[in-house]
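What Swiss-Prot annotates here:
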- S101, G139, N163, Q167, D189, I190, V205: S-adenosyl-L-methionine binding site (BINDING)
- C336: active site (ACT_SITE)
Amino acid sequence: MAVEGKQVAPKKAIIVELLKKLELGLVPDDEIKKLIRIQLGRRLQWGCKSTYEEQIAQLVNLTHSLRQMKIATEVETLDDQMYEVPIDFLKIMNGSNLKGSCCYFKNDSTTLDEAEIAMLELYCERAQIKDGHSVLDLGCGQGALTLYVAQKYKNSRVTAVTNSVSQKEFIEEESRKRNLSNVEVLLADITTHKMPDTYDRILVVELFEHMKNYELLLRKIKEWMAKDGLLFVEHICHKTFAYHYEPIDEDDWFTEYVFPAGTMIIPSASFFLYFQDDVSVVNHWTLSGKHFSRTNEEWLKRLDANVELIKPMFVTITGQCRQEAMKLINYWRGFCLSGMEMFGYNNGEEWMASHVLFKKK
């Protein structure tokens, strides 16, 4: 009940004010973390149903609805915000392999560089890659996996696919520097592209979250798999429920804090067991969210230690606007803080990484 004589600000106005303060770096990290944890708790209350019957119904209903959608939506919006950033910035924030996804920390003393390699090695092991295999890396980012596979398996042909010009140019330049003649980079949108060849192994790391119609996507990828080919997928997930990455209600400021609303799906750990029309699941693993939480923590440490180097880069890409440059720095700080809290929630036992190995039907 409102106190007489005092005007209560509308919730939307409060959230707008909060987001403005976050943009300007006016909220202490501890307070940001606390606010994020509150929203994550609300998401758990929203997603965890009171009966298992309701839980499965929610999951199955989402799989049915996705089958009615396009393969992907709002790809350009996400690309502009997340992936078209200066390579020099990524060289500062990421490890030496420029792996922009979950890394694998074997123990407390593992460095970010070691964790990058450990995860790349785990991909190769779980995908059962052998020297001489033809390998397709879909949504290759800055080429961490492409370059690692090409260097490790000298007799393999590795094809990377990206829809980013800067990523393509960087991977091609790195291939030349490393004298790798077994790398090809294609500039393409995988939702519309028709691949002329088939591959022994197809690797997809943290791309499926940005897709919608997995039935059509997997049907498309199946056509690119050799007869005995395997598809390895890494995706982030919640252990129990899946959801469109959209605000729960008008109080949910967090969902739009890092990613544009509606551009992502957060699958459940078991989500892709429901999409076996064209491929079959061979194996399935999960990794504690603590690995991705620590990855984000290491990224944030590097970012904070090099803010003075990063500022001029962002001033350049924001049209010589220092205020916009600081907003961009604060955005990336928020990205890391969000990842730390989300994947670290409940000791890494809520949101985590899932690995799925498929074979062709």
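Here the Cβ of each residue, glycine as well, is placed from N, Cα and C on the backbone.
Projection of Swiss-Prot feature records onto the structure.
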| residue | record | DSSP (3 states) |
| --- | --- | --- |
| S101 | S-adenosyl-L-methionine binding site | coil |
| G139 | S-adenosyl-L-methionine binding site | coil |
| N163 | S-adenosyl-L-methionine binding site | coil |
| D189 | S-adenosyl-L-methionine binding site | coil |
| V205 | S-adenosyl-L-methionine binding site | strand |
| C336 | active site | helix |
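Closest in space to the residue listed as 'active site', of the binding-site residues given as S101, G139, N163, Q167, V205, is S101, taking the CA atom of each residue. The number of other Cβ atoms within 10 Å of the Cβ belonging to D189 (S-adenosyl-L-methionine binding site), over all protein chains shown, comes to 13. Once Cβ contacts within 10 Å are tallied over all protein chains shown, the binding-site residues S101, N163, Q167 are led by Q167. Across the residues annotated as binding S-adenosyl-L-methionine (S101, G139, N163, Q167, D189, I190, V205), the two Cα atoms farthest apart lie 20 Å from each other. Close to V205 (S-adenosyl-L-methionine binding site) in the fold, though at least 6 residues off in sequence, lie S101, Y123, D137, G139, G141, L145, V233, E234, each with a CB less than 8 Å from its CB. Under a cutoff of 8 A between CB atoms, and with a sequence separation of 6+ in the same chain, the neighbours of I190 (S-adenosyl-L-methionine binding site) are L138, G139, V161, N163, L207, K220.
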